[in-house]
Amino acid sequence: MKLYDSYSNQLVEINDELISIYNCGPTVYNHIHIGNARPLITMDVLYRFLKKHNIKTKYVLNITDIDDKIINYALANNLKELEVSEYYFNEYLKIKKALNTLEMINPKVSTHMDKIIDYIQKLIDKQAGYFIGDDVYFDTKKALNYGQLSKRDLENDIVGMRIESAANKHNPNDFILWKKTNKGIMWNTPWGIGRPGWHSECSCLINTYIGEQVSIHGGGIDLKFPHHENENAQNQVLYNKNLAKVWMHFGLVNINNEKMSKSLNNFILVKDLLAEYDYQVVRWFFYQADYKQPIKFSHEIMKQNEKEILKIKNAIYNAKNYLYFNNQLKSLTQIDHFELFDERINDDLDFVGIVDLIHISVKKINILIKENKDMNELKLNLTQLLYMLDILGINFVDLHNDENLALLNTWKNYVDKKDYVKADELRKQLINIGIL
């Protein structure tokens, strides 16, 4: 498998015996919007593919449940921070399930504070952490090739961009590891009472759950700087290596030609989208573009995706009906690989090529049914389609149970006997079920 690495700007082959994945998860102070869903769904496809091929995989997606946004929300609403974060964490789990994503490890920042404090102490011991009063800062000059991941000019581009301002910083790009505070939740440390900076949390969790280097680190492209750059800098200081072998960055979701974000107040919550569209449609939307590139959202686009999903579903049900009427449904088996599809997944998750393959497969199935072609070829094309959709996390309810098959058989008998009145009545029932 080759994936595009944002650090080297090259395709990098991943062939680790155990492929480890870390995906930057949500800050749980609100419901997630569809921009947050893109990394979740894209990485789920990769994870499904690896598991399907029995490749040892460890997938970690963190939960940031300590953050100024959470604290401010809690104070404004007379709540405890962890009450807020726990509520939205559980809402996030519901969304993950509704989107049909596989389970992964979800460590919370709040339950790993001892590890984070130890991690920061190691940076201090390496003389990469220094004090300004009771705050601890990271000295970016101690990191090898700082700025390489985000491809920024340190002197001209980075200064002033989401960098904590403080007098007496060694370098304008230095960032906070631990900040003293008397507001909100806090922990006691050898350096005083406070809470950690955002960048140390993720790098520490990777170190805790995976080790000195993760195979694949994913996240939205808007996290490349400063978050991922600063994660990487800490790891370079501690272990003299990049934090990840491959940095995967996912393109933004745009609405009205603007980045969708909570700060711009132009976001659409996933829970609201799922109230309007089936999860299959939402997932299918994200496969319409290269995962690295921006993707445009509109309800017109979603309606088109809805039509395409219906066409795919109808092809599957029609093929199963056809096989049933020809006594071939029971002999339908699963496959564990499909070379054309696997090649596209292994080629940096070529979603555009995969979508084309699925459209071709649906067209073939419809032609084979219409022209009463070779039954084995129909079964092969159907199993290939089901294999592809399963890895894309798109499944449909199997309506071909004994009860529905009996109804289908009765309907077919009415048609054969030209009893069209009864056939039409039963056909309406089968349409309501969804099998016709």
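Cβ coordinates are placed from backbone N, Cα and C, and glycine is handled just like the others.
Swiss-Prot lists Cys24, Cys202, His227, Glu231 with the feature Zn(2+) binding site. Here Swiss-Prot flags 26-36 as motif ''HIGH' region'. Annotation source Swiss-Prot lists motif ''KMSKS' region' at 259-263. Per Swiss-Prot, ATP binding site is recorded for Lys262.
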Using DSSP, tally how many residues of the motif ''KMSKS' region' (259-263) sit in helix, strand and coil.
0 helix, 1 strand, 4 coil
Output field, Zn(2+) shell: CB within 8 Å of site CB centroid, site Cys24, Cys202, His227, Glu231 dropped:
Trp198, His199, Glu201, Ser203, His217, Gly219, Leu223, His228, Asn230
Across the motif ''HIGH' region' (26-36), what does the pLDDT come to on average, as a whole number?
96
Between the binding-site residues His227, Lys262, where is the Cβ count within 10 Å the lowest?
Lys262
Counting other Cβ atoms within 10 Å of each Cβ, which of the binding-site residues Cys24, Cys202, Glu231 scores lowest?
Cys24
In whole Å, how far is the residue listed as 'ATP binding site' from Cys24 (Zn(2+) binding site) when you measure between their Cα atoms?
17
What whole-number Å value do you get for the CA-CA distance of Cys202 (Zn(2+) binding site) and Lys262 (ATP binding site)?
22
Rounded to the nearest Å, what's the C-alpha distance separating the residue listed as 'ATP binding site' and His227 (Zn(2+) binding site)? Just drop the number here, would you?
18
Which residue counts does DSSP yield for the motif ''HIGH' region' (26-36) in the helix, strand and coil classes, in that order?
3 helix, 2 strand, 6 coil
